[in-house]
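Remarks on the structure that follows.
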Amino acid sequence: MATEGMILTNHDHQIRVGVLTVSDSCFRNLAEDRSGINLKDLVQDPSLLGGTISAYKIVPDEIEEIKETLIDWCDEKELNLILTTGGTGFAPRDVTPEATKEVIEREAPGMALAMLMGSLNVTPLGMLSRPVCGIRGKTLIINLPGSKKGSQECFQFILPALPHAIDLLRDAIVKVKEVHDELEDLPSPPPPLSPPPTTSPHKQTEDKGVQCEEEEEEKKDSGVASTEDSSSSHITAAALAAKIPDSIISRGVQVLPRDTASLSTTPSESPRAQATSRLSTASCPTPKQIRRPDESKGVASRVGSLKARLPSCSSTYSVSEVQSRCSSKENILRASHSAVDITKVARRHRMSPFPLTSMDKAFITVLEMTPVLGTEIINYRDGMGRVLAQDVYAKDNLPPFPASVKDGYAVRAADGPGDRFIIGESQAGEQPTQTVMPGQVMRVTTGAPIPCGADAVVQVEDTELIRESDDGTEELEVRILVQARPGQDIRPIGHDIKRGECVLAKGTHMGPSEIGLLATVGVTEVEVNKFPVVAVMSTGNELLNPEDDLLPGKIRDSNRSTLLATIQEHGYPTINLGIVGDNPDDLLNALNEGISRADVIITSGGVSMGEKDYLKQVLDIDLHAQIHFGRVFMKPGLPTTFATLDIDGVRKIIFALPGNPVSAVVTCNLFVVPALRKMQGILDPRPTIIKARLSCDVKLDPRPEYHRCILTWHHQEPLPWAQSTGNQMSSRLMSMRSANGLLMLPPKTEQYVELHKGEVVDVMVIGRL
């Protein structure tokens, strides 16, 4: 520790940090401490705090244990900063704030307020957090939320002020003075601008655009970046903390509340989003803000972080202007109006701009780009179909006592055959208290404990009853007819499962037997990979809901029902996004809703070459999603599209499937289902492929074809027969009726134009056999 008034050198300036995780489940090893580990990485990152982790500990949600650790780290270890994670909510055992209040000597309410304000900009549930920040001696204590995402965001909210706060506590006079001098040199914020004279909305927007450009030039000259009003945008403060590296804050679209931006379109230009809410240049970090500590001298970078939070003149930009000024995805605004130009129909593509991708490459790409989801702790009864994220160990022996394998008599093997007195009985669920002596036996039932003195069991079939009680209710004497050997028909302790044995390995896909095994070993809570949530929508102006009466030019939507049922058949939770018209604004709004609520979004229609097929443009222009492929060399399903979008470090998966009913179902089985299986942690998510014989001749197509078929087994034949479902036109949903397989037919060549009845082919299983 530095003495009072001591001038710290660069070496002395190293910040010593402790990370304290408060969690019952982590303490009992039922969950991994993701937030604590992540905070350690953030603290040590040289482009962030650049601190040293001097202490790390996990404690249960107990006030005394929390207090004891905090006091020890403050008074004995003399840490500069303590970050706690967990226990700040409303649950009965969330007591971290109470423990902190009993330890600190002075409060730091500004830091708690900064975290609350930042959290409320992210989610209204931020109001349920109860952080306490304060000082004990020369140690700063900060309460952070228990989730990895929440703790990282709150750490980022207070990060710009942390180095200066610690310098103040350590009396680092020179560094404190440098910061204060830098702040004194800052110009005062200008007064609020007068509202423009009342004109037409279009004129008002144009005036504001000019005004923004002038203000931007002034800011460039002064080197001071503006900050946006916290109530005007949902862009988190994490995006404003320009020195957070992309490796920690994943690039992605920031979600705006849909009422945040007012959008208008001028007659003279295409319908592009024009944001009229007050959006400042803080949305787009300037080079001044992006500067990292190792690229500047002294404390300039730290002062720059403080400058970015001072009030400045707000500016107004259209969404397209904001996006053009921002190169990173953190600052893309997802508004409710699309920037896709729908007016120039004559200039649309006549040939697809997307290259043809082979089926193998497309499938590999999907699996490579699809992440495995995080974990959660569930009750074992809810484990059907889930994948274990941790090994499961037995905490007891099974059986926990020597148990009888059969109904019969517990005997002493050394006594041999002969007549024996019966001293009682041992039943399952009871522990016998008597000891079998020479010349005695005890009647036992299957699964019952073996009494002391006995070392074998003779089944009832190998005995004769010699004597019974007068009323016939008791056996008094029995004759043993065989020679028993020691251990005969006895399951010793731990015979089935030994204490500490791994009974289920990480990655196990749980079924009924695994659920029963968990019950057997008494493990009622297990850590599993999360199920992906899947949102499904159909696109097309021609579509009606199934319950609607047909109208001229309309058809009923079958894709959504079929896709939802397919996903639900595999056990995944779904969200029905309904029917979306062929309009970029509607598509964008529906995609935004799906992105905010689900892990995977499935659309059908709007991906081919029609003049109303806008989906790929919305993904590219509005969402800035990465489209990995837009056409696949296969039949059916040529225009199948796969895209990903990273938001706040979370990857969203988007499958834009063809609109033809059969194409949608086939591509869902080929691409979507394996991706979902990978997301839930299944080690081999590939579909099941078997061999089958063709029941009829099949003509080949120039493209690899997935031909719908019904698999049946004939008596005493090892391979099933694959019967075609008939006409394979992609619009004919009847071809999917009763189909439980897809014939994987090769493309046509000069030598092979068809396959003949009886030939063996590969078949992908898509239904119950």
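Backbone N, Cα and C atoms are what each Cβ position is placed from, and that goes for glycine too.
Record check of Ser147, Ser230, Ser268, Ser608 in Swiss-Prot: the feature phosphoserine is attached to Ser268.
As annotated in Swiss-Prot, phosphoserine applies, among Ser54, Ser338, Ser538, to Ser338. What Swiss-Prot records as phosphothreonine, among Thr9, Thr88, Thr265, Thr473, is residue Thr265. Candidates Thr266, Thr286 were compared with Swiss-Prot; the annotation phosphothreonine appears at Thr266. The 10 Å shell around the Cβ of Ser338 (phosphoserine) contains 27 further Cβ atoms across the protein chains shown.
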